[in-house]
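J.: Right, I'll just put the structure down here and ask away after.
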């Protein structure tokens, strides 16, 4: 039967479990407990906003470590700020839960708060209700408008870069689903990428005024790069052998490694486009952050007679990938 | 099986069904389609933010008119802005849906967009995924910080006001649940209150600098008033016969009418506190907006030996209500 009020008391639940995520910040005029939170955005900057909804059985396994899930719920949203070059200001959390089990809520809140704390991004508002488990975070950041890393700003001739390595999350998912075997040790390592992604917030901020366009790799490198190309009206040449892989992924059969690195989702690394004159700056940023970045190709003009992404290997030989067969998530 | 990518294509779904809700606004630098939306908040104002999650079978009946549901999904969030005195700037929508049935999505989007349009509050970002039906809106508004209508700002001696009438939504819900009978015509009228609540945005903005504290009545007048009292450290005297009822509710048996008006939820009228010197101003605002407002009581100092809300009837006789027995939603 529908009831108009939440069956869990949102104030007490949030006060009990999420208090350590709600500390006031320089930009928080009013936090949880009123009709609205009140943010003071930095003068002259734009407010970057992203919302993501995670559903049990679709975005996470029911038996996932709740601490990891708390981390990831916020991480995927901070990753969207990173991809825009925005500095985190705060976030709201709406939760539907089948029950208010402290054995689940406490570690979930802990994982969430630890990441929030590291990024100085307090919980400023929330809603809780009973229902099939569903986690919806909306995150707020600030960025000077002229420096926002938009998807529509790539230019022909730009280098295409990827941070970190990609594909480990998909490697873990495939092993968990029984698509391919993985040793226990390797699975532990791959699961870390799947369950504890690190949003590249510092990199996104450092790339303001250096990169032109960026996004985070959540649905797979090639598919995500396609969003930049589509919105910028351009195409790309990509060296599939240049796409950065972890040692773990590189040790897998080539077909699996290629599939995971090119079309695997849930990586949350940044893919960004920058003028070749920015290579030194980008190298310096990477060195300063201790985060490798790798050039994987070039933005080109669109030729409607060719595929939008022209793939080749390290020898320059054209690589033909049947994306449809890869894209079995759709 | 968990899959890391949404099974519904969010861009195409939002483009197809929600395009009419996404028009650019003065304060929208970038709308749907990038990692983040970009808002330009009005200089010197604070950003008011609220998030609400609606779950099928809990907040709405599975067979509710999707157009009404679209309206209400945004209305309950705009109501939170109204309660803060904030002017709407935009909203994000995260949707979990069991399928992408156009016969549901089109009217849902229509109801949502019609209200968004009336309040100049465009859809600026979204997320869609398959899952048990769940609607999460996060709404953004602007308010000069000094004029925000906070719950903690009531003062002893303030008048307590209520806009419109309260209780009709609960009257409808009770009839739909079989708690009491209602004629078909009466049910049609009561359902309008339940399914098409009107957020009091213009009233909230007009009350800036006139009222001290406010909130919207979503969980029932007395319970919600309790939030103001608790956060302001005060108490109240309320004349239960002064609480404004529709003609429909006034025609019901007194026990039902009192129960619905005092503890019924889902009204989305404003309850606000203001200095008695503001009575003329408030009367003028009400006249200008064509929205009745009614004085129902007075804020008092807290006496820990007495109930926080001291109820009496029009003859001044103390009224004793067993709140626990009313509060069967919890």
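Here the Cβ of each residue, glycine as well, is placed from N, Cα and C on the backbone.
What TrEMBL records for this protein is below:
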BINDING   B:35, B:80, B:216  Mg(2+) 3 binding site
BINDING   B:35, B:50, B:80  Mg(2+) 4 binding site
BINDING   B:51, B:52, B:127  Mg(2+) 1 binding site
BINDING   B:52, B:80  Mg(2+) 2 binding site
BINDING   B:59, B:266, B:326  substrate binding site
BINDING   B:126, B:127, B:151, B:218  ATP binding site
BINDING   B:219  Mg(2+) 5 binding site
DOMAIN    B:33-142  domain 'PurM-like N-terminal'
DOMAIN    B:155-309  domain 'PurM-like C-terminal'
J.: Across all chains shown, how many C-beta atoms besides its own are within 10 angstroms of the C-beta of residue B:151 (ATP binding site)?
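T.: Neighbour count, Cβ to Cβ under the 10 Å cut-off: 22.
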J.: Under DSSP, the domain 'PurM-like N-terminal' (B:33-142) has how many residues in helix, strand and coil?
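T.: In the domain 'PurM-like N-terminal' (B:33-142), the DSSP-based counts are 36 helix, 44 strand, 30 coil.
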J.: Which of the three DSSP-derived classes (helix, strand, coil) applies to residue B:218 (ATP binding site)?
T.: coil
J.: Compare the C-alpha of residue B:35 (Mg(2+) 3 binding site) with the C-alpha of each of the binding-site residues B:50, B:52, B:127, B:151, B:218, and give the closest one.
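T.: Nearest by Cα distance to residue B:35 (Mg(2+) 3 binding site): B:127.
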J.: Rounded to a whole number, how many Å is the Cα of residue B:80 (Mg(2+) 3 binding site) away from the Cα of residue B:50 (Mg(2+) 4 binding site)?
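T.: Cα-Cα distance, residue B:80 (Mg(2+) 3 binding site) to residue B:50 (Mg(2+) 4 binding site): 7 Å.
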J.: Cα within 10 Å of the residue listed as 'Mg(2+) 5 binding site': which of the binding-site residues B:51, B:52, B:126, B:127, B:266 qualify?
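T.: Neighbours among binding-site residues, in sequence order: B:266.
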J.: Distance check, please: Cα of residue B:127 (Mg(2+) 1 binding site) against Cα of residue B:50 (Mg(2+) 4 binding site), rounded to an integer number of angstrom.
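T.: Counting only the Cα atoms, the answer is 17 Å.
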J.: Could you state the whole-number distance in Å separating the C-alpha atoms of residue B:51 (Mg(2+) 1 binding site) and residue B:59 (substrate binding site)?
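T.: About 15 Å separates the two Cα atoms.
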J.: Using all protein chains shown, find which of the binding-site residues B:127, B:216, B:219 scores highest when you count other CB atoms within 10 A of its CB.
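T.: It comes out as B:216.
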J.: Below 8 Å Cβ to Cβ and six or more residues apart, same chain only. Which residues does that give for residue B:50 (Mg(2+) 4 binding site)?
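T.: Expected: B:77, B:80, B:81, B:84, B:138, B:139.
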J.: Per residue, counting other C-beta atoms within 10 angstroms of the C-beta, which of the binding-site residues B:51, B:218 reaches the highest number?
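T.: Max Cβ neighbours within 10 Å, all protein chains included: B:51.
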J.: Looking only at C-alpha atoms, tell me how far residue B:126 (ATP binding site) is from residue B:266 (substrate binding site), rounded to the nearest Å.
T.: 25
